[in-house]
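Database features (TrEMBL):
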- 20-46: transmembrane segment (TRANSMEM)
- 28-87: domain 'V-ATPase proteolipid subunit C-like' (DOMAIN)
- 67-87: transmembrane segment (TRANSMEM)
- 107-134: transmembrane segment (TRANSMEM)
- 112-171: domain 'V-ATPase proteolipid subunit C-like' (DOMAIN)
- 146-171: transmembrane segment (TRANSMEM)
Amino acid sequence: MSGVVALGYASSWGAALVRISPYTFSAIGIAISIGVSVLGAAWGIYITGSSLIGAAIEAPRITSKNLISVIFCEAVAIYGVIVAIILQTKLESVPSSKMYDAESLRAGYAIFASGIIVGFANLVCGLCVGIIGSSCALSDAQNSTLFVKILVIEIFGSALGLFGVIVGIIMSAQATWPTK
């Protein structure tokens, strides 16, 4: 325990974080990437779908063309799955003697951070696309000329998820495990 205090981790939280396996951090990051991205997609589909069904009662013509909003929401989940696959390929076997080296810890933290960034960026993206998709369905039911204009805004909203994916890939580039 004195080695932990010498490293500046006198608190129990600091000692606990350093002793958690980097593979655990990696696995949690990968799970957050998928799980929170799917949560964002589901929430966006819920928001868009409920408005689309309600507005389609008054204007049935909007149903087929407004499904693009649901597809945009589903793309958010796909972003999370793609990044999780990329992060999974970053995992490498490390001898137990090098498990807690600085390089191993950095790799685990990089994958963890990448998963958190992608997951929460996609959560916000799913909400954004869902709210805009809802507005698109309701507006299109009232005035069909507004569909394309609001769809452009929805495309910009879905770019938030792509920004999260790009940042996550950049962060995961820091994940290099020690050689055997």
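Using N, Cα and C of the backbone, Cβ positions are placed for all residues, glycine too.
Long-range contacts of the transmembrane segment (67-87) within the same chain: residues 26, 29-30, 33-38, 40-42, 44-45, 48-49, 52, 111, 114-115, 118-119, 122, 125-126, 129-130, 132-134, 136-137, 151, 154-155, 157-158, 161-162, 164-165, 168-169, 172, 175, each at least 6 residues beyond the stretch ends and with a Cβ under 8 Å from a Cβ of the stretch. Sequence-distant contacts of the transmembrane segment (146-171) (same chain, six or more residues past either end, CB-CB distance under 8 Å): 33, 37, 40, 62, 65-66, 68-69, 72, 75-76, 79, 82-83, 86-87, 110, 113-115, 117-118, 120-122, 124-126, 128-129, 132-133, 135-136, 139-140.
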